[in-house]
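Noted in TrEMBL for the protein shown:
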SIGNAL    1-30  signal peptide
DOMAIN    65-178  domain 'DOMON'
DOMAIN    184-377  domain 'Cytochrome b561'
TRANSMEM  221-243  transmembrane segment
TRANSMEM  250-274  transmembrane segment
TRANSMEM  286-305  transmembrane segment
TRANSMEM  325-345  transmembrane segment
TRANSMEM  351-370  transmembrane segment
Amino acid sequence: MKPRSSCSPSISRALLVLLLCCLCGSVARSQTADSCTSTTALAAVSRLIPFDTSNLTCFDAWTSQGFIVRYGKSGQNNTWSFVLSAPDGGGYISVGFSSDGAMVGSSAVAGWTTASGAGVAKQYRLGGTSPGSCPPDQGSLALVPGTTLLVAQSSRLYLAFQFTAAQPPPPYLIYAVGPSGAQLSNNYLVRHRSYASAAVDYDTGVASSASGAGAFNTKKWHGAMAGLGWGVLMPVGVALARYFKRHDPFWFYAHVSVQGVGFVLGTAGVVAGFKLDDDVPGADSHQALGVAVLVFGCLQVLAFLARPDKGSKVRRYWNWYHHYVGRAAVACAIANVFIGLSIAHEAAALSAFYAIFLAVWVLASVVLEVRLWRTARSSH
């Protein structure tokens with residue numbers, strides 16, 4: 001008597017179908033994947049790209065988002081070829097070229113698929129963070145006509161373009177991913193869902209790790225702490241010491257407290273600033289002024305610790321020193337806030353907001369100064 005199989009024919013067929021499905025899924029995933037070590041994925045779309053992609057340098061541009069950049073140069077006519085490969089997340093993908101690592105002010109090429117599945121690719125001048133400041137078909141890249149396109153293949157997008165340039169492209173690449181399903185009115189770019197930047201050596205093909213939110217937050221923390229500490233609290237502390245001495249000892253403790261908090265915040269902002277990339281226009285002067293303000297602040301702390309008694313003969317000279325070093329620190333800090341906002345390409349609203357604060361501070365100082373002068377005059 002033959003033993004019965006523990007598996008019925010129907011179960012065996014089901015297992016066979018499941019195995020085939022897993023195998024097909026594995027093959028499909030290998031076909032949709034793209035990497036610098038395999039040219040299979042690019043070869044599938046190379047016939048749709050109107051330039052040679054066989055000898056392009058490749059590097060992993062933005063690992064967390066699956067971005068891959070391929071580029072090359074034709075020595076005969078100074079033509080640069082780029083192909084950006086990225087997963088199709090339902091939004092646009094873009095790569096920008098920046099001289100200072102900032103997105104605002106750079107030129108970028110972005111591509112996406114329409115509802116009908118057609119690919120769209122355009123150059124943009126990134127003038128700000130709002131859609132109206134990112135007009136299509138503008139920018140500094142001399143694109144070669146007929147070579148800018150987007151190809152969708154196996155759940156990936158391939159953004160290809162060429163441009164002519166006698167010199168190597170700007171040293172920073174800016175990557176961005178658009179929000180899924182966003183409608184681009186008149187092809188104006190909406191705000192990105194995520195972005196990153198990286199420095200690239202086009203001669204060696206070596207790119208630094210793409211930095212997105214971390215570098216972004218460091219820059220924001222640097223600006224917020226240094227601006228609030230040096231640019232806001234320090235002028236307020238000076239006003240407290242100058243115009244509220246009749247409220248003794250309130251003015252002294254208020255002055256020391258405000259200046260102390262401002263010094264701590266400003267110092268933390270300077271420390272954060274040293275972690276940022278200084279290879280940007282204006283960074284040297286911004287850094288020099290920042291260090292000068294920090295030195296002035298340290299001198300004021302030392303002066304406070306070495307403050308002589310009111311009856312001391314040197315108290316008059318100490319007062320001169322303390323007042324003029326403090327005023328120099330305030331002047332440098334105010335100038336440096338505007339320089340920093342300009343370097344960071346921040347929105348004009350921030351500069352206007354700080355200018356309004358300064359106008360109110362100056363106006364209040366003038367009114368209080370007149371009041372102080374009249375009080376002193378009437379007392380004589």
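Yeah, the Cβs are placed from backbone N, Cα and C, and that goes for glycine too.
Note that the structure is predicted; figures quoted are calculated from it, not measured.
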Outside the transmembrane segment (221-243), six or more residues from its ends: residues with CB under 8 Å to it: 251-252, 254-255, 258-259, 261-270, 272-273, 275-276, 290, 293, 297, 326-327, 329-330, 333-334, 336-337, 340-341, 344, 346, 354, 357-358, 361, 364-365, 368-369, 371-372
DSSP-derived helix, strand and coil totals, residue by residue, for the domain 'DOMON' (65-178): 4 helix, 59 strand, 51 coil
Maximum Cβ pairs under 8 Å to the transmembrane segment (286-305) - stretch from the list 250-274, 325-345, 351-370: 325-345
Confidence summary (mean pLDDT) of the domain 'DOMON' (65-178): 92
